[in-house]
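Undergrad: Take this structure first; my questions come after.
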Amino acid sequence: MTIWLYEVLFNTSRQALERAAKGDFIFISPTTYEYEILNDRCDMVILTDEYFFKYQVALPFPVGSPYRAEINQALMKMTEDGQMDALVGTWTAEDAAEIQSGWQKPTETHLLSGRHLRVYTGLSKPFFMKKPSKSGEAGSTPYQGYFVDMLEMLASRLNFTWDITLGSRVRPRIIAAAESKKYDLLLVGMAMRTGYAGWEKVEYSIPIRTRGYFLTMKKSNRHEGQGIFQFMGPFSAEVWLTFVAAVVGVSLVMAANGRLNPYEWSKAAGRGEVSEKEADNLSLVNSLWSTFGAAVCQGQEFLPRSSAGRVIVGAWWFVILVMVASYTANLAAFLSRPSTERSIRSLADLARQTDVPYGTYKKYTLVKFMKNSQEEPFKTIGRYLDQNSDEVLFNTSRQAFERAAKGDFIFISPTTYEYEILNERCDMVILTDEYFFKYEVVFPFPVGSPYRAEINQALMKMTEDGQMDALTNRWFNKKMYKCSTGSTQEGVLDMEQLNGAFYYLMIGMGTSILVFALEWVHFKFKKGRSSDPANRGDRV
């Protein structure tokens, strides 16, 4: 089928939206229409869980706006190596720029072209990691990660080289590295916030990624202690024992009725009303088999002839009807009942529950926010953290993480641990589908860095060209991670719940082989005795 461009490309985005609203058409839409779809167009649905081809939204200012920042700066001429050479003018919020006479604006140059940058960074998964060592590998960088790939893209675009200095990712160390002027680029992701010590000593790049917090805990075994016999969970041990006793009891009563009732198979065969083979239809063994067949809804092989026997069978069938219906209803609820990781999917769910304790690192900005918030659910969570601070607030984030890894504890975690959980800690699960208390991650620069503007322009161009989306897909695609991102899908049962039934089948097959061997030996022994002339009574 041929699709013409004029059928799928529209002159306005509104035309594309209305075409999708008519049906049988998917609109690749900007977030401009998100509110309208979710509030006014309930006949439409958003298909994707996350945005793609992301961009940052900012407030524009008129050039020279006095309200963008309260600053009074000197305008300096820069040398080719990025050093301040001479004063060429001043800039104030009131009078804008005053340029000294005789100075001309130079033509645009690329300061980074041909330069060798000193780059400061720290190890952080998946942003900056050491490559696994491989014998014979040479000529390539020993590092890998999101920031490494981004640095290579920037270098290719701006034509510079670099060398790496590994250091601490702690904020005071990063600020100290910026103040030292030893490094041209700080390849460390920082939260774009103010108020912390030394924040005025660095300048920021444009936002690189949006990060935040999520809830995580150790995966719970909803059926712990039941092992392979989870399928027996809907009934208690007392009910199962009673059921087995009922099978045996009904079989004994049926066998006794079959032996003593004059209208049953045994007596009728003695009178010649039925064949001799049918005389044992309701023997004890056959009665047990028939009762069990009815219990598992496979039908009763041998039915009684007498009215008394039919009353026995009818009563048993009614009990089976109730038992099977109760077991089926309870089994569905038992195997798919909500676990902790299914019932807690947001901060609101966390605030409502009281069964599982939760906490985090005590110096996170999030903790201060929640303790001071008057909005729910932040207020409830903040009050809980304050009242139980000795047990749920930790001196380091790693302590909080390891406490969650032990079980029965929910860690309010930053995205710092996301990669570790999804690749290395398969015993843990991320509860929330989206981040909360989000923040932008940026690169810090030394104040007055001559390279900040050029790198920012390159980052914006990489965003427009889709390179940033490609990097995100390479390093943050959760479908490519080693560990499952959550628990079993709602309503879907896996082998953890049903493997006991298959073990039961294997036990049955093994028992059948053993019984077959016993029957074969018995038959051979019986045949041998019947072929012995002495046993046949033969005389010479």
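Note: Cβ is positioned from N, Cα and C throughout, glycine not excepted.
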Undergrad: Of the candidates CYS297, CYS426, which does TrEMBL name as forming a disulfide with CYS483?
TA: CYS426
Undergrad: When you measure from the Cβ of LYS461 (site 'Interaction with the cone snail toxin Con-ikot-ikot'), which residues in the chain that are at least 6 apart have a Cβ under 8 Å away?
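TA: Within the chain, LYS461 (site 'Interaction with the cone snail toxin Con-ikot-ikot') has Cβ neighbours under 8 Å at ARG157.
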Undergrad: So what sits near ILE344 (site 'Crucial to convey clamshell closure to channel opening') in its own chain, CB-to-CB under 8 Å and at least six residues off in sequence?
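TA: Spatial neighbours, sequence-distant, of ILE344 (site 'Crucial to convey clamshell closure to channel opening'): LEU215, LEU350, GLN353, VAL356, ILE410, LEU431.
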Undergrad: Which whole-number mean pLDDT does the model give the domain 'Ionotropic glutamate receptor C-terminal' (116-478)?
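TA: Mean pLDDT for the domain 'Ionotropic glutamate receptor C-terminal' (116-478): 86.
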Undergrad: Go through CYS426, CYS483, the listed disulfide-bonded residues, and name the one with the sparsest Cβ surroundings, counting other Cβ atoms within 10 Å.
TA: CYS426
Undergrad: Taking the Cβ of ARG169 (site 'Interaction with the cone snail toxin Con-ikot-ikot') as centre, how many other Cβ atoms lie within 10 Å?
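TA: Taking every protein chain into account, the count is 17.
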Undergrad: Near the Cβ of LYS371 (site 'Interaction with the cone snail toxin Con-ikot-ikot'), how many other Cβ atoms are there if near means within 10 Å?
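TA: Other Cβ atoms within 10 Å of LYS371 (site 'Interaction with the cone snail toxin Con-ikot-ikot'): 15.
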